[in-house]
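According to Swiss-Prot, the domain 'Kazal-like' annotation covers 4-54, on the basis of sequence analysis. Annotation comment: Swiss-Prot describes C6-C36, C14-C33, C22-C54 as disulfide bond. According to Swiss-Prot, the N-linked glycosylation site annotation covers N43.
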Amino acid sequence: FATVDCSDHPKPVCSLEYMPLCGSDSKTYSNKCDFCNAVVESNGTLTLSHFGKC
């Protein structure tokens, strides 16, 4: 089971690095920062499906 540590998020600005992650909402996030910000906004309902594009 893939996990990402989002304890240092949310962040106001994310880098432009491209390391895609697939969320449990079947959306591809461009990097960990984008994904973690979405996790925080979802109040923990969003989880990581897998690394890479959905």
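Just so it is clear, glycine is given a Cβ too, placed from its N, Cα and C backbone atoms.
Distribution of Swiss-Prot features across the structure.
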residue : record                      : DSSP (3 states)
C6      : disulfide bond              : coil
C14     : disulfide bond              : coil
C22     : disulfide bond              : strand
C33     : disulfide bond              : helix
N43     : N-linked glycosylation site : coil
C54     : disulfide bond              : coil
When distances run from the Cα of N43 (N-linked glycosylation site) to each of the disulfide-bonded residues C6, C14, C54, the nearest one: C6
Disulfide-bonded residues listed as C6, C22, C33, C54, least Cβ neighbours within 10 Å: C54
Tertiary neighbours of C36 (disulfide bond) (same chain, Cβ under 8 Å, six or more apart): V4, C6, D8, H9, P10, K11
Close in space, distant in sequence - C14 (disulfide bond), Cβ under 8 Å, 6 or more apart: S30, N31, C33, D34, N37
Count of other CB atoms lying within 10 Å of the CB belonging to N43 (N-linked glycosylation site): 7
